[in-house]
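Since the structure comes first, as structure tokens, the remarks are kept for the end.
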Amino acid sequence: MKSLLLLTTLLVPLHLGMAWSAKYAVDCPEHCDKTECRSSLRCKRTVLDDCGCCQVCAAGPGETCYRTVSGMDGVKCGPGLKCHFYSEEDDFGDEFGICKDCPYGTFGMECKETCNCQSGICDRVTGRCLDFPFFQYAAAKSPSRTSASHTERDSASGDGNAVREEIGEGNAARPSVMKWLNPR
């Protein structure tokens with residue numbers, strides 16, 4: 001009797017360990033058979049099902065996603081997206097949410113990878129560093145603020161002294177009709 005209790009005590013943790021490594025998937029086959037998988041050619045993007053056997057259609061941005069489902073299309077978020085779960089459950093008692101973009105600085109499946117780019121911005125799917133040449137070009141071509149020459153008549157934003165001087169001298173004539181400027 002003691003040996004049966006000892007054997008049970010040793011085998012139960014082993015069985016639970018295998019269940020935890022399957023990511024809570026249900027009805028997974030013992031061995032993956034790709035011929036049993038449905039075609040995913042019509043999908044925009046695919047992900048592995050919870051069993052890790054078949055490619056299934058992935059949910060896109062703004063689409064509904066579920067926490068634990070195996071072999072079902074459109075219920076896991078695709079790469080570069082993460083499921084943001086609601087506090088309530090659906091009619092069947094399953095947790096669900098909406099697929100949203102990975103936060104900046106993360107990428108990949110469920111946004112688990114960290115971006116190692118100098119700018120801190122990378123492609124949310126692949127992790128490839130993103131460059132923004134239009135910002136670099138504009139910064140290289142813009143004149144230095146310190147090299148601009150200023151005259152006594154230049155006024156800063158909100159400084160109306162130069163305008164008051166012109167009005168006081170009588171140099172500024174105002175038209176009696178409102179003038180409309182054409183947009184650029």
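Cβ coordinates are placed from backbone N, Cα and C, and glycine is handled just like the others.
In Swiss-Prot this protein carries:
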type: DISULFID; residues: C28-C51; note: disulfide bond
type: DISULFID; residues: C32-C53; note: disulfide bond
type: DISULFID; residues: C37-C54; note: disulfide bond
type: DISULFID; residues: C43-C57; note: disulfide bond
type: DISULFID; residues: C65-C83; note: disulfide bond
type: DISULFID; residues: C77-C99; note: disulfide bond
type: DOMAIN; residues: 24-102; note: domain 'IGFBP N-terminal'
type: CARBOHYD; residues: S157; note: O-linked glycosylation site
type: REGION; residues: 145-184; note: region 'Disordered'
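Where Swiss-Prot records a feature, it is marked here on the structure.
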{"residue": "C28", "record": "disulfide bond", "DSSP (3 states)": "coil"}
{"residue": "C37", "record": "disulfide bond", "DSSP (3 states)": "coil"}
{"residue": "C43", "record": "disulfide bond", "DSSP (3 states)": "coil"}
{"residue": "C51", "record": "disulfide bond", "DSSP (3 states)": "coil"}
{"residue": "C57", "record": "disulfide bond", "DSSP (3 states)": "strand"}
{"residue": "C65", "record": "disulfide bond", "DSSP (3 states)": "strand"}
{"residue": "C77", "record": "disulfide bond", "DSSP (3 states)": "strand"}
{"residue": "C83", "record": "disulfide bond", "DSSP (3 states)": "strand"}
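Candidate disulfide-bonded residues: C32, C43, C65, C77. Nearest to C54 (disulfide bond) by Cα distance: C32. In sequence order, the disulfide-bonded residues near C99 (disulfide bond) (Cα within 10 Å of its Cα) amount to none of C32, C51, C53. The Cβ neighbour count for C51 (disulfide bond), using a 10 Å radius and every protein chain shown, is 16.
Ranking the disulfide-bonded residues C32, C53 by how many Cβ atoms sit within 10 Å of each one's Cβ puts C53 at the top. Listed disulfide-bonded residues near C57 (disulfide bond): C77 (candidates C28, C37, C77, C83; Cα-Cα distance within 10 Å).
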